[in-house]
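Colleague: From TrEMBL, for reference:
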TRANSMEM  12-31  transmembrane segment
TRANSMEM  37-55  transmembrane segment
TRANSMEM  67-86  transmembrane segment
TRANSMEM  106-128  transmembrane segment
TRANSMEM  149-167  transmembrane segment
TRANSMEM  193-211  transmembrane segment
TRANSMEM  218-235  transmembrane segment
TRANSMEM  241-257  transmembrane segment
TRANSMEM  264-282  transmembrane segment
TRANSMEM  388-407  transmembrane segment
TRANSMEM  419-437  transmembrane segment
TRANSMEM  443-461  transmembrane segment
Amino acid sequence: MASVINLKRNYIMIFTLIIALPVLYSNSVNIVSFVDLRIMGGIGVFILSFCFKSWNDLKQKLFSPYIVFLVTLSIFSFGQSFLYTINYISEERDLIGYAGITINDIFYAQSYTLVMITCFHIGALMSIKKSNYNTKKSLNVDYSLAIKKIGIILFIISIIPFLYSLINDMIVSLTRGYGALYEIEERVGLDNIFLIVANYFIPSYICLYVGFRKNVKVLRMLNIFAVVIIIVIFITGGRTNGVILIATAILIYNFIIKPLTKKQYVIILVLGIFLLSILSVISNTRSNSGRGIDSYTNNIEKGQNSALNTICEMGGSMFCLIKTKDYVPNTEDYRYGKSYLFSFTTLIPNINFWKIHPAVKESDLNAWLTKKVDMGYGTGFSMVAESYINFGWFGSIVMLLMGYVFASFMNVSKIRNNDYAKFVFCMIIFWFTISTVRNSFISVVRGVCFFAWPIYAYIIYYTKHHKTYGLNIRNRR
């Protein structure tokens with residue numbers, strides 16, 4: 001174990017030095033050209049590859065919730081720059097020239113992004129600790145009954161609101177186009193309650209999958225149901241939740257059902273490339289109203305480099321950082337952590353305390369940027385842009401802390417000791433936090449406080465109470 005700790009220390013030192021690469025290069029260039037964007041993209045490829053190597057060396061397992069999160073963060077924050085290394089530019093989706101964005105804007109955004117991603121990974125490496133939990137004690141605790149029970153309860157409560165929302169969104173999207181979903185008036189009353197309760201469906205699915213992991217028939221039904229849900233999401237035009245659900249299912253299968261083989265990894269990689277092509281088709285057709293099967297087939301026939309176009313579109317999230325830099329600190333001050341701190345006020349219901357809830361006013365950065373750029377559609381936001389709007393280059397400290405916390409929350413190593421309660425907690429965290437790469441910190445607070453922690457606490461409490469009750473009954477006998 002000492003060798004692992006030493007290796008971790010060495011990797012942290014190396015990554016600390018690597019931070020200097022994008023910074024020094026960006027400061028050494030006087031006149032930026034596309035070649036410089038390609039070189040910076042190459043530095044990004046090197047950094048991400050070295051992240052993979054360090055994690056695999058230290059954890060002895062590359063595929064994990066954290067690595068999936070890191071890849072997602074990198075693609076959304078730096079995706080177009082990765083493609084610059086192979087000289088690929090999408091005329092329709094590239095940021096160069098879009099909304100007044102220049103090569104200089106992208107170049108310096110590349111430098112900032114790479115520093116933030118590297119700091120995030122350094123924080124994740126810091127979270128790797130010596131294994132100090134008691135194996136025998138863990139093996140004597142079976143959380144399965146509690147996980148099954150909470151899974152069934154949440155499934156019964158959330159299934160109708162979830163299906164109602166899913167089917168309603170699909171009908172609206174097919175008849176009026178995907179953009180119509182954003183024109184729906186704010187949900188209040190029963191509709192709003194339905195939406196809140198519906199969010200418990202995926203946690204219930206995770207609990208059921210883990211709780212019934214040894215029941216082949218139940219797993220088969222859950223798999224079929226998940227496939228149907230993913231198809232409906234894709235037909236609707238949504239992609240994020242569908243892809244995250246696929247990743248969640250694969251991770252659960254790999255860690256609690258059967259470890260994936262090298263052959264299966266290759267198959268998943270090939271299917272993943274095919275999925276990227278499908279996502280491009282969905283993006284090109286979802287705005288059409290009254291669309292049918294022919295809309296998709298025609299687009300498939302016209303599609304070229306669809307997988308690369310999808311990565312290019314995802315990488316367009318760098319737009320949020322670039323435009324935020326236009327306004328901060330030129331016309332607005334840094335927020336100095338306010339967007340993070342006020343995210344926790346989302347735990348306080350707005351019962352006529354405020355005209356505008358502080359979580360919405362200070363932490364909904366998507367709404368802020370959308371209003372600023374005035375482009376007629378939601379811009380979204382990003383984890384990297386949020387670090388900038390709060391602290392500028394000092395956002396690297398925040399990213400380091402987030403890397404530590406996120407990697408700790410997504411640590412599934414304890415599954416080796418049958419700590420399935422911790423695994424459920426990790427996967428629920430994964431589901432709700434991975435969207436942070438295209439959103440703001442408020443989604444993390446909601447995911448942890450409203451879903452992950454309450455479910456985890458129930459599992460622990462129920463198991464402890466059930467075990468104590470069983471011991472008391474046996475003692476009476």
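The backbone N, Cα and C atoms fix where each Cβ goes, and this holds for glycine too.
The structure displayed is predicted, hence computed values, not measured ones.
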Colleague: Other than its close neighbours in sequence, what residues sit by the transmembrane segment (12-31), given a CB gap under 8 Å and a spacing of at least six beyond its ends?
Modeller: 39-40, 43, 47, 50, 54, 107-108, 110-111, 114-115, 118-119, 121-122, 125-126, 396
Colleague: Pairs of Cβ atoms less than 8 Å apart decide it: which stretch in 37-55, 106-128, 241-257, 443-461 has the most with the transmembrane segment (419-437)?
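Modeller: It is 443-461 that shares the most Cβ pairs under 8 Å with the transmembrane segment (419-437).
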Colleague: Spell out yes or no: are there three or more C-beta pairs under 8 angstroms between the transmembrane segment (388-407) and the transmembrane segment (106-128), with each pair 6 or more apart in sequence?
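Modeller: Yes, the transmembrane segment (388-407) contacts the transmembrane segment (106-128).
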Colleague: Using a Cβ cut-off of under 8 Å, list the residues of the same chain at least 6 residues beyond the transmembrane segment (37-55) that approach it.
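Modeller: Residues 11, 14-15, 18, 21-22, 25-26, 62, 64, 66-67, 70-71, 74, 78, 81-85, 87, 103, 106-107, 110-111, 113-114, 117-118, 121, 124-125.
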